[in-house]
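Below is one structure, written out as structure tokens, with a few remarks after it.
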Amino acid sequence: MIPLRTRLAQALDYVWGGWGAAASLLLLVALWEAGHEAYGTLVLPSPRETFAMLWRMTLDGRVWPAVVETGRNALAGFLGGVLVGGLLGALAGLSDMMRRLLAPVSTLMLGIPAIAWVVLSLLWFGGSGLAVVFTVLVTSAPVVFASAAEGVRSLDGALQRMARAFRVPRRVLVWDVYLPHMLSYLFPAVATALALSWKVAVMTELLSGAGGIGDGLATARVQVDTVKAMAWILVVVALLLAVEYLLLEPLRRHVLGWRRELPGAETRDPQGI
Amino acid sequence: MSPAVMIAQDSPRRMSAGLAIDAVSHAFGPEPVLSGLSVTLPAAQVGCLIGPSGCGKSTLLAMIGGLLRPDQGRVAHPFARPAFVFQDPCLLPWRDARGNIAFGLNALPMSRTECSARADRLLGTVGLTAEDGEKYPRELSGGMRQRVALARALAIEPDLLLLDEPFSALDVGLRRQMQALVRRLIDARGLTTVLVTHDLAEAVRMADRIVVLSPRPAHVAAQHDIGMPRAARDDGFVQAEVGRLLADPATAEALAVEGLS
């Protein structure tokens, strides 16, 4: 519906808006450099050293496999969490009894710190990738649960009555009324859960030694190699930024553009990690 | 016609080409809402249902629109395409004004270009600009939203217009503007219209036939026809007519309940 030229202009506008973000990031790098000059390499390696190390690690073929490993675990856990949280949330939205049963459980799960789940999953699954998937799943499911429940519960309202009065076909009802409604509830929660899943995955890997970025961080810590640790942190940050600005933000603009209150006013980090 | 329509349709021979509500009773659970209510309205006229809050006006309107089947009695009319305007505009927040106007067209066999052409035309009909068409509901004022809702109803080219207190959420100036707009559109199209309201002056301004409903369970307390052409009804006439109607004890009694509540 939107002409191509408008879309192109919007995309360019979005990329151009990146200059502000770049400026603020470079300012941070400058502060980092200042910190390095004040405290020395052992406490804070210089940005130059860190980027050089990152480059060496990439050439050695250590970064990419770790990113894939972490990404796979985080994504598997995230998808599982969205599925479980979404389905249980939908159930809770459909039935009052289910809601009364499930809502306190969800609140409780939300209250358990991610680190507690890490310990439990290590005991249950040992140092395997499954521990990571499980931890991500149980921490992201309750984030999605409440939104899914609220979305389904508020489906049957004035808009549905209106759609019925105009006798639109079922396809239109689902596509134009139900789906955007559910998205407006689910999208912020799913975005939060995705951002969360990366962080939880890295944390679990770090403690379990199950491979991935977290494992690299753990090794750097054991070797007291601050440069390497900073390089791994850079990897995590780059991934987070990529997910946020290349995936979530454009999607948010597309899906929730009608709200015109960008960027997301939702809470990003209910776990406080 | 979709199977959702539950109105008994008269055969063309017998039909008086208008709306006939015959001895309709209805209850929600144990509580009766309508009791033995009968109303007729000739085609191309404006009927006004007025009565105290919660007396079942909207229920009756839903029945006329085929959204609800009465427990007893029948609602019969020859109209195939009723369109609603509700008190709340009920716009889709994720569609711009143009998309909202075209929403009802989804039920009709129409191409996309036809739909958007018609939506464009109706923007003008209800006094909105092309730029307004690009705006989302949250960017529109209350009056503009109600105009979009009206355009959405007119877009499907209805043969029966059902207005459920469409002006009552608007402030006085806007309400008069919208009344005048709807009056013009109805007269230009010769649309059979049923308007639910609780404002007697509004009823006098808009209606050919005013049906006063009693408190719940509702039956017809009084009925008045107004002969004066709509365009000729000025403020003086409306005032005098409201006074005349309230002089009727049945009307005054039915409407007084609302004054107390």
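From the backbone N, Cα and C atoms, a Cβ is placed for every residue, glycine too.
Feature annotations, reproduced from TrEMBL:
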DOMAIN    A:67-245  domain 'ABC transmembrane type-1'
TRANSMEM  A:12-32  transmembrane segment
TRANSMEM  A:74-94  transmembrane segment
TRANSMEM  A:101-125  transmembrane segment
TRANSMEM  A:131-152  transmembrane segment
TRANSMEM  A:173-198  transmembrane segment
TRANSMEM  A:229-248  transmembrane segment
If we call contact 3 or more Cβ pairs under 8 Å (sequence gap 6 or more), are the transmembrane segment (A:131-152) and the transmembrane segment (A:12-32) touching?
no
Are there at least 3 C-beta pairs under 8 angstroms linking the transmembrane segment (A:12-32) and the transmembrane segment (A:173-198), leaving out pairs fewer than 6 apart in sequence?
no
Cβ contacts under 8 Å made by the transmembrane segment (A:101-125) with residues that lie 6+ beyond its boundaries:
88, 91-92, 131-132, 134-135, 138-139, 141-143, 145-146, 149, 200, 203-204, 207-208, 270-271, 273
